[in-house]
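In what follows, a structure is listed as structure tokens, so that the remarks can point back to it.
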Amino acid sequence: MATPADQVQTARARARRRLIGAVVLLALGIVGFPLLFETQPRPLPVEVTIEIPRKDGGAPLVLPSRTAPITESAQDAGREVQAPTPAASAPAAAVLPPVPARPVAPAAVTEARPAAPVSASTPRPAGATPPATTAAPGGTRASAPIRVLDEPPQARDLAKEREAREREAAAREAREKAAREREIAAREAKEREAKEREAREAREKAAREAKEREVAAREAKEREAKEKAAREAREREAAREAVAREALREPARSETVERRYVVQVGAFADAAAASEARARAEKAGVRAYTQVIETDAGRRIRVRVGPFPNREEADKALGKLRAAGLPTALLPQ
């Protein structure tokens, strides 16, 4: 059976494993919650409307050598794209290559309306910058300026605050779960200790009661043996006294009359003792019988051997009984 120290060590190991599992679950929650509750929308393709003017709409425009700021996405916000500078040997009518449209969020895209075609006769204010034109397939040009707006800072702050709250809630839940598990483990350990203490006390009580019963039984057996020895001693003494009184009561007979003799083994108050004495006498090789009489001391059972026609045969039987260890008394009849 495990000792209390082993059980406490086992409870500590179980609590340690549970704490490690709670930490692992907390780490998985911290990593998984941002993935499950991601607020950034999926990128969608942007549809750009391109208007192709007629061939006789106007003359081609020449781009100036200055830079043209083009905002593409939230990641490239504020980055300016340098337009190529025409070389000396380049033709006068240089155009920009087509710019591929990037997939951006619909909420962050503001598309400008297409500009009207510009002809050579249309006056232009001084210092104005001509709009960027896109060469369409087949030599035609189309103007499609695109401006991508950055994500509002308030939305980013709200998303960060929500993620922080979720992480804090997951950590708090993990701490509460670990505390509950520790409390349950401590309560279970106390209950096991109480049950073991009760079982130990019950075993000790049962052992004490068994020992007390054993001592009581041994004392009762000793008392019974002493009482039996005293009773047998009293019965033997009573038998000797009865034999002596019987001998005194026998009438005196003349020497000329033929006598018979009996050998008395004893007079017993207990039938079992009388049966045992008779069996021992017969085992010694003589024939015995019992006789119930009433005396001054009460009812007695006499065990006798005989009768014998003469003294010699009676003496032979007397010798056999004495060799068997039985008390004897020779009585004439």
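Here the Cβ of each residue, glycine as well, is placed from N, Cα and C on the backbone.
Curation does not apply to TrEMBL; its annotations are automatic.
For the ranges 72-94, 279-301, 302-324, the feature annotated in TrEMBL as region 'Disordered' maps to 72-94.
Over the domain 'SPOR' (255-333), the average per-residue pLDDT in this prediction is 77.
Outside the transmembrane segment (19-37) by six or more residues, the chain places 162-163, 166-167, 170-171, 174, 177-178, 181-182 with a CB less than 8 A from a CB of the stretch.
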